[in-house]
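Peer 1: Per Swiss-Prot, the features are:
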DOMAIN    61-204  domain 'EXPERA'
MOD_RES   THR2  N-acetylthreonine
TRANSMEM  29-49  transmembrane segment
TRANSMEM  66-86  transmembrane segment
TRANSMEM  121-141  transmembrane segment
TRANSMEM  185-205  transmembrane segment
Amino acid sequence: MTTNTVPLHPYWPRHLKLDNFVPNDLPTSHILVGLFSISGGLIVITWLLSSRASVVPLGAGRRLALCWFAVCTFIHLVIEGWFSLYNGILLEDQAFLSQLWKEYSKGDSRYILSDSFVVCMETVTACLWGPLSLWVVIAFLRQQPFRFVLQLVVSMGQIYGDVLYFLTELHEGLQHGEIGHPVYFWFYFVFLNAVWLVIPSILVLDAIKHLTSAQSVLDSKVMKIKSKHN
């Protein structure tokens, strides 16, 4: 006589055997409030800092962009950095960030499975885009001449990683989450990651606009110098 056993975990595919899984002891609301509170605090601090610490006045749009990069610094360095270091013990670990990743994994179980792609992708993100996001903030506050180059590089890197993130899961048949679930699929998997396609795309166009304008000015000056010599 066979019996259907219900998996003792919330992850997909449902047949996954996760013997060392320890359920979160923090409510989902506490985890999400903690995450968004820290992010909100960083936005407020960066908004105020961009008004007082910048060597030249910055417009509202530029200050919002710096708030974005400040949040990216936190998420890439701290949250994704934690995953890069401790992905092998997430299932049984009860640290706040481990519980955050176990919660997010309800939308994409590749994270609690230490999938090769997500481990490598998140490690690159933590090591490169985290520090460089902080550098973008500093570069704009100090009006460093390469600031738009940094913005372009970081934003392109974020888009590239996000596109691969979606495409690899699509290639595997979206099997690591419950398709259509309003929270786990649409909010965790789709919305939270789509943000890293939309905002970086806007910032890529912004950087291209400023770099193109600067190149046009330089070309114009060079042409004037050449015309004088001729």
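Note that Cβ sites are derived from N, Cα and C of the backbone, with glycine treated the same way.
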Peer 1: Could you give the number of helix, strand and coil residues in the domain 'EXPERA' (61-204) as assigned by DSSP?
Peer 2: 110 helix, 0 strand, 34 coil
Peer 1: If I take every residue in the domain 'EXPERA' (61-204) and average their pLDDT values, what number comes out?
Peer 2: 95
